[in-house]
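Pulled from Swiss-Prot, these are the features on record:
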type     : residues                                                            : note
REGION   : 1-103                                                               : region 'RU A'
BINDING  : ARG53, SER82, GLY83, ASN197, SER233, SER234, LYS331, SER350, VAL351 : substrate binding site
REGION   : 115-250                                                             : region 'RU B'
ACT_SITE : LYS165                                                              : active site
ACT_SITE : SER233                                                              : active site, nucleophile
REGION   : 256-371                                                             : region 'RU C'
BINDING  : GLU304, ALA353, GLN356, GLY357, PRO358, GLY361                      : Mg(2+) binding site
SITE     : HIS327                                                              : site 'Important for substrate specificity'
Amino acid sequence: MPDAIEVRKVPIHSVADASELAKLIDDGVMQAERVIAIIGKTEGNGGVNDYTRIIADRAFREVLVEKGAPAEQVKQVPIVWSGGTDGVISPHATIFATVPPEDLTGALAPSDEQRLTVGFAMSERLAPEDIGRTAMITKVADAVKVAMERAGISDPADVHYVQTKTPLLTIHTIRDAKSRGKTVWTEHTHESMDLSNGCTALGIAVALGEIEMPSDEDVMHDRSLYSSVASCSSGVELDQAQVVVVGNAPGVGGRYRIGHSVMKDALDQDGIWEAIKDAGLDLPERPRTSDLDGRLVNVFLKCEASQDGLVRGRRNAMLDDSDVHWHRQIKSCVGGVTAAVTGDPAVFVSVSAAHQGPDGGGPVAAIVDLG
């Protein structure tokens with residue numbers, strides 16, 4: 001049985017700041033060697049050349065080592081950064097750590113009640129020619145199943161959030177594929193971000209039984225195929241799929257629980273509230289921010305501009321805008337909607353949601369404190 005989880009959200013005060021992680025460790029909230037995953041937002045451009053993700057990654061790993069975690073162990077900790085804090089979104093990190101068994105007393109002791117659990121896995125290496133094709137779907141699906149097993153989850157219905165980081169295509173990797181006589185799905189590096197995310201989401205959906213195995217032709221074209229729990233990011237930092245499965249399991253113990261839902265479109269506040277309720281908070285029929293009473297740890301969303309250029313029947317110009325890419329516009333929009341619900345702009349809102357939730361909407365996961 002996996003260990004119980006402690007999870008906290010902390011602000012990031014500057015690009016290279018990890019002082020709040022250090023404070024959590026110094027205050028005894030968690031131990032450096034027990035940190036198992038970090039998921040956060042950095043303030044870069046969110047694109048191919050967003051190096052704030054690399055800077056933040058280094059800062060957080062250095063703190064873990066400074067506070068006593070073995071360097072080799074720290075190298076293996078999955079740290080997923082989503083670049084781009086457009087609009088009111090505030091840079092932050094959500095940190096997951098295991099709890100020593102001796103600390104699980106009273107209401108926190110393991111029981112039949114489902115509580116938060118986390119599992120991690122890495123896929124086989126993803127070659128540039130795999131990205132956007134069924135080879136990638138298969139490799140991701142295999143890694144998701146391993147992460148589920150490590151989280152102690154046997155029923156896919158108990159998986160509420162799968163956060164991934166996968167490689168996108170760069171000029172260098174495209175050149176590499178061609179030198180070996182291979183082709184790539186696209187030679188547009190920015191488009192490959194959407195491609196990598198979408199293909200990864202299909203792998204998650206296959207692993208969890210949400211869809212049957214799609215064909216190469218379905219990738220990015222059949223938007224009726226999607227996962228309701230996938231949250232996929234991509235970058236230049238790695239050549240494998242990094243998979244973090246977050247769900248609930250009995251017998252784990254602890255004080256936290258996770259739930260999920262989907263936003264049907266960019267304005268669907270109800271979808272966010274449904275995820276919070278699904279996590280276990282008892283809320284009124286028409287809840288307000290004040291009803292959360294400090295019990296919401298964080299929400300995690302993916303968003304996407306609807307392919308028809310409409311929101312609730314009204315036309316918008318995001319997909320035609322040559323000045324500001326639609327990635328930044330929809331992220332800013334949904335970030336504002338989300339912060340209005342939670343009352344906190346430190347929310348994980350990430351763009352590029354192909355095959356992640358319905359077209360124009362996206363998955364929502366919420367972690368709450370039931371302690």
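A Cβ is built for glycine as well, from the same backbone N, Cα and C atoms used for every other residue.
Feature annotations (Swiss-Prot) mapped to structure.
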residue: ARG53; record: substrate binding site; DSSP class: helix
residue: GLY83; record: substrate binding site; DSSP class: strand
residue: SER233; record: substrate binding site; DSSP class: strand
residue: GLU304; record: Mg(2+) binding site; DSSP class: coil
residue: HIS327; record: site 'Important for substrate specificity'; DSSP class: helix
residue: VAL351; record: substrate binding site; DSSP class: strand
residue: GLN356; record: Mg(2+) binding site; DSSP class: strand
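The recorded positions listed here (LYS165, GLU304, GLN356, PRO358, GLY361) include GLU304 as those with a Cα within 10 A of the Cα of LYS331 (substrate binding site). All chains included, 25 other C-beta atoms sit within 10 angstroms of the C-beta of SER233 (substrate binding site). In sequence order, SER233 are the recorded positions from ARG53, GLY83, LYS165, SER233 with a C-alpha within 10 Å of the C-alpha of ALA353 (Mg(2+) binding site). Taking all protein chains in view, 20 other C-beta atoms sit within 10 angstroms of the C-beta of PRO358 (Mg(2+) binding site). Summary of the substrate site environment: with the site residues ARG53, SER82, GLY83, ASN197, SER233, SER234, LYS331, SER350, VAL351 set aside, the chain residues having Cβ atoms within 8 Å of the Cβ mean position are GLY46, GLY84, MET193, GLY235, SER352. The number of other CB atoms found within 10 A of the CB of LYS331 (substrate binding site), across every protein chain shown, is 28. Put simply, of the binding-site residues GLU304, GLN356, PRO358, the one whose Cα is nearest the Cα of GLY83 (substrate binding site) is GLU304. Per Cα geometry, VAL351 is the residue among the recorded positions LYS165, VAL351, GLY357, GLY361 nearest to HIS327 (site 'Important for substrate specificity'). On the backbone, the CA of GLY361 (Mg(2+) binding site) and the CA of VAL351 (substrate binding site) stand 11 Å apart.
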